[in-house]
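Taken verbatim from TrEMBL:
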type: TRANSMEM; residues: 24-43; note: transmembrane segment
type: DOMAIN; residues: 37-283; note: domain 'G-protein coupled receptors family 1 profile'
type: TRANSMEM; residues: 55-74; note: transmembrane segment
type: TRANSMEM; residues: 94-116; note: transmembrane segment
type: TRANSMEM; residues: 136-154; note: transmembrane segment
type: TRANSMEM; residues: 201-221; note: transmembrane segment
type: TRANSMEM; residues: 233-254; note: transmembrane segment
type: TRANSMEM; residues: 266-285; note: transmembrane segment
Amino acid sequence: NKNNVTEFILHGLTQYKTVSKVCFSLFLVFYAIIILGNLLIIITVKTSEQLNSPMYFFLSYLSFVDISYSTVTAPKLIYDLLVEKKTISFVGCIAQLFAGHFFGCTEIFLLTVMAYDRCIAICKPLHYTNIVSKHVCSWLVAASWVGGFVHSVVQTLLAIQLPFCGPNEIDHYFCDVHPLLKLACANTYIVSVAVAANSGVISLSCFVVLVVSYAVILVSLKTRSSEGRLKALYTCTSHITVVVLFFGPCIFIYMRPSTTFSADKMVSVFYTIITPMLNPLIYTLRNEEVKNAMKKLWR
């Protein structure tokens, strides 16, 4: 079982030409919104003196990861919607797999860190600046990047050591572990279990940490006034919305054995394109401080 595959043929998002043209226009607009919206948040946070709390420090990095993550798949998807034969080299496929899991896992860790930040800010407001100092923030962001890198290296090594001797058609619009496992000409049971353990356990454990963090927040709000509760919940709503939009599809895709479903492509669109596009809107439309800082920047 030698690896004699030099390139893969992607089936893409759809096989219908009319639908492809509509999707091309739609995703081109979506990608432009992702780049411009997230860049605007990064510039606003970096230039505004008002947005100097840890929450906005993490938000700027989340926006950077969103740009990077969507760039791994969106340009290739948009280009492939216009071409008849959608191909990607073996090396390009592995690189896309590595980058996708690297930025995706980093985003998972960053969202978890942001939940921890909100938990400390609401439950221990008097000690907040001491617990979540600039030094701690830097270490938490660095740990998120390292965690994403380690996860991605493991996923890539699991995929690259498999023999591919044909067929070479991937029923997806980008290279991911599960579609590649289907093409391997070897028994992939152990590898699929390792993939599920690596991706699924990270997604599920971080999701549990997020749920516990917000459970602690809700319990602590019992002693607050109704005005204090509303203010605290208002600051958390944006983050909870992003978490649900990102974690839901990720858990659906990766918390299962190495099987693929027809819905996988549409579900993947949510965490690779839709969520990165909505993040700037969610965090700005519900946050007066960010909106005021943007107005000041515009002036």
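A Cβ is built for glycine as well, from the same backbone N, Cα and C atoms used for every other residue.
At the 8 Å Cβ cutoff, the transmembrane segment (201-221) and the transmembrane segment (266-285) share fewer than 3 close pairs (sequence separation 6 or more) and do not count as touching. The stretch from 24-43, 94-116, 136-154, 233-254 that makes the most Cβ contacts under 8 Å with the transmembrane segment (266-285) is 233-254. Long-range contacts of the transmembrane segment (233-254) within its own chain (CB-CB distance under 8 A, at least 6 residues past either end) are made by residues 55, 104, 107-108, 111, 114-115, 118, 121-122, 178, 195-196, 199-200, 203-204, 206-207, 210, 214, 217, 221, 264, 267-268, 270-271, 274-275, 278-279, 282-283, 286-287. Over the domain 'G-protein coupled receptors family 1 profile' (37-283), the average per-residue pLDDT in this prediction is 86.
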